[in-house]
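The block underneath contains the structure these notes are about, expressed in structure tokens.
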Amino acid sequence: MPPTVDMGIPGASSSVAVNPTRKRVLLAEPRGYCAGVDRAVETVERALEKHGPPVYVRHEIVHNRHVVSTLEKAGAVFVEETDEVPEGAIVVFSAHGVAPTVHAAAAERNLHTIDATCPLVTKVHNEARRFARNDYDILLIGHEGHEEVVGTAGEAPDHVQLVDGVAAVDNVRVRDEDKVVWLSQTTLSVDETMEIVERLRQRFPKLQDPPSDDICYATQNRQVAVKAMAPECDLVIVVGSRNSSNSVRLVEVALGGGAGAAHLVDWADDIDPAWLEGVTTVGVTSGASVPEVLVQGVLERLAECGFDVVQPVTTAQETLVFALPREIRSAR
């Protein structure tokens, strides 16, 4: 067994090849499915088992093309809005969460709803409602148009201002500088979010933090693993779809952490052989909505190109499991 060595970041270790010139893959651990994604995907699968197709799903259940395609083949029908769902039918809300207006629209059509919102997103929704009840200005750090941001803002539309990047800080206006709090989208870059928070705090010294971290444990863990291996990587390949915020952030983290290059791929066929020219060490990770089968496909493709040594870079162990929505627990 190759030796285990310190990777230079607390808690990170890797089995590193004795010959540093041999082509190798550093494989980030943890990677792939988080507890919220696992719960959401299983929710649709169990709903199909219990009720039979079609089961309607508002928006992509998670941001991954492979997952959506697989569920479509099983009988899931993905729609943009609830008015596309036949009255009285079953509809699943995606892991990203929805605004109260969506619940109301579903009720008007007598839809049978199953809410697959990630519990960590629900936590942010609850925070938004609580601070709005106390008449705070809520500065929501996130990406404009992202489903999660739309849902969270919809919980308190009269109190929430979106802060999309450091440049947006200068445009923020509040009513009372003593009653300002920041919340965030759960899938952001930790470093970028903290940069925005510090800039906000320069403007509003009494800015309050959320009661607990809004950026989810899985997002943070995957970014830490990428940071651990990035300095040793000529190239980092992130498996994930382009509309997946947390996957895109992993590319940014890899580049910021010292990787020579970083690319986002949906699957192995997206790998450009030119990326591998002159490369000795390739880092591989995947976003929180990516099934492991897609990572294995990438590893097989890299092995065909001579990268047949795979060494883990482990920074955390994940054991969290979320209970399924009560509407479909009996289907287990």
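The backbone N, Cα and C atoms fix where each Cβ goes, and this holds for glycine too.
These figures come from a predicted structure and were not determined experimentally.
If you look up Swiss-Prot, you'll see Cys34, Cys118, Cys216 marked as [4Fe-4S] cluster binding site, on the strength of sequence analysis. Its Cβ taken as reference, Cys118 ([4Fe-4S] cluster binding site) is surrounded by 26 other Cβ atoms within 10 Å in the chains shown.
Swiss-Prot lists His63, His96, His146, Ser244, Ser245, Asn246, Ser289 with the feature isopentenyl diphosphate binding site. Classification of Asn246 (isopentenyl diphosphate binding site) by DSSP places it within a helix.
Swiss-Prot lists His63, His96, His146, Thr186, Ser244, Ser245, Asn246, Ser289 with the feature (2E)-4-hydroxy-3-methylbut-2-enyl diphosphate binding site. Within its own chain, His146 (isopentenyl diphosphate binding site) has His96, Gln185, Ser245 as residues 6 or more apart in sequence whose C-beta sits under 8 angstroms from its own.
The feature dimethylallyl diphosphate binding site is assigned by Swiss-Prot to His63, His96, His146, Ser244, Ser245, Asn246, Ser289.
Same-chain residues at least 6 positions away in sequence with a Cβ under 8 Å from that of Glu148 (active site, proton donor) are, in sequence order, His96, Gly97, Val121, Gly142, Gln185, Thr186, Thr187, Ser245. For Glu148, the entry in Swiss-Prot reads active site, proton donor, with the evidence type sequence analysis.
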Do you know offhand how many angstrom separate Cys118 ([4Fe-4S] cluster binding site) and Ser289 (isopentenyl diphosphate binding site) by C-alpha?
12
Cα distance (Å, whole number) from Ser244 (isopentenyl diphosphate binding site) to Cys216 ([4Fe-4S] cluster binding site):
15
Near the isopentenyl diphosphate site, what residues other than His63, His96, His146, Ser244, Ser245, Asn246, Ser289 in the same chain have a C-beta no further than 8 Å from the centroid of the listed C-beta atoms?
Val62, Glu147, Glu148, Thr187, Asn243, Ser247, Gly287, Ala288
Looking only at DSSP and grouping its letters into three states, which state does Glu148 (active site, proton donor) belong to?
helix
What is the Cβ neighbour count of Ser289 (isopentenyl diphosphate binding site) at a 10 Å cut-off, with all protein chains included?
31
